[in-house]
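> Let me give you the structure first, and then I'll get to my questions.
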């Protein structure tokens, strides 16, 4: 994605989000209740930043295992830079990281592979956390089997990318050039993931991802407690991961709207008033999505001034 286009898209998403909040406020007086959330924002933002650190630790591990030595602090800034464009469909805007990691000798293809690998493990982790609220063991098994099947499909394509490349070629022949380009990019990214399909890399990456998303889910449960919203612990921990899955499935930029609506719907199952549920949704999204976007743009500003000039990977 062109950085200028991504900036425009991010600003458009922000404007749309604010407009939606204004519309919702006219009906439910959400803005009037914001002081109830403000006191919790520093703590929530700190937890979110800690989760970014854990996710970067995974990213740094993957690059080191691939033979790329990246400065830890500057690399963290490069990783955060991707969050500036997290409000894009499928989070593909996060691939702006390639612009900076190339300067430390990491080929763009390797950045793409790390991105795909990270997204696949995040899907597994978030799905498992979302399944905490599944009432029956049988249904939990179905959810687990679905996720395992999806991860298995990713692993299969990673070991045999020519399947997806052939499909992309057929799509291109049919005139679906954009879809074909996406398929080819995904195939190349998955092919690069083969390097990390080892028990050690999978265990470390899954563990760091699980820790990152667990503390994020716990921060939402903490916010609910702070807003005096009585929800069973398992439901509280699974609400945000479930909403994240819904947002990702919608393919809307950053899951904007879908994620918040899912949070409100899930809280409504526990008789939480609409206005209070919307307040919780806005609070956690500000502390995760919008704090991430702010960190991303701050990192880009720093990198454009201090990062080394590009060198051939």
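Even glycines carry a Cβ here, placed using N, Cα and C.
Fair warning: this is a prediction, and the values are worked out from it, not measured in the lab.
Pulled from TrEMBL, these are the listed features:
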- 34-54: transmembrane segment (TRANSMEM)
- 66-87: transmembrane segment (TRANSMEM)
- 139-158: transmembrane segment (TRANSMEM)
- 179-197: transmembrane segment (TRANSMEM)
- 203-224: transmembrane segment (TRANSMEM)
- 245-272: transmembrane segment (TRANSMEM)
- 278-303: transmembrane segment (TRANSMEM)
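I'd like to know what surrounds each of these features in this structure.
Residues 62, 65-66, 109-110, 112-117, 120, 154-155, 157-159, 161-162, 164-165, 167-169, 171-172, 205 of the same chain, all 6+ positions outside the transmembrane segment (179-197), place their C-beta atoms under 8 angstroms from a C-beta of that stretch.
Counting only same-chain residues 6+ beyond the ends of the transmembrane segment (203-224), those with a CB under 8 A from a CB of the stretch are 37, 40, 43-44, 47-48, 50-52, 54-55, 57-58, 61-62, 117-118, 121-122, 124-126, 128-129, 196, 231, 233, 236-241, 280, 283-284, 287-288.
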> Give the nonlocal contacts of the transmembrane segment (34-54) in its own chain as ranges (CB under 8 Å, at least six residues past its ends).
76, 79-80, 83, 208-209, 211-213, 215-216, 218-219, 222-223, 226-227, 279, 282-284, 286-288, 291-292, 295
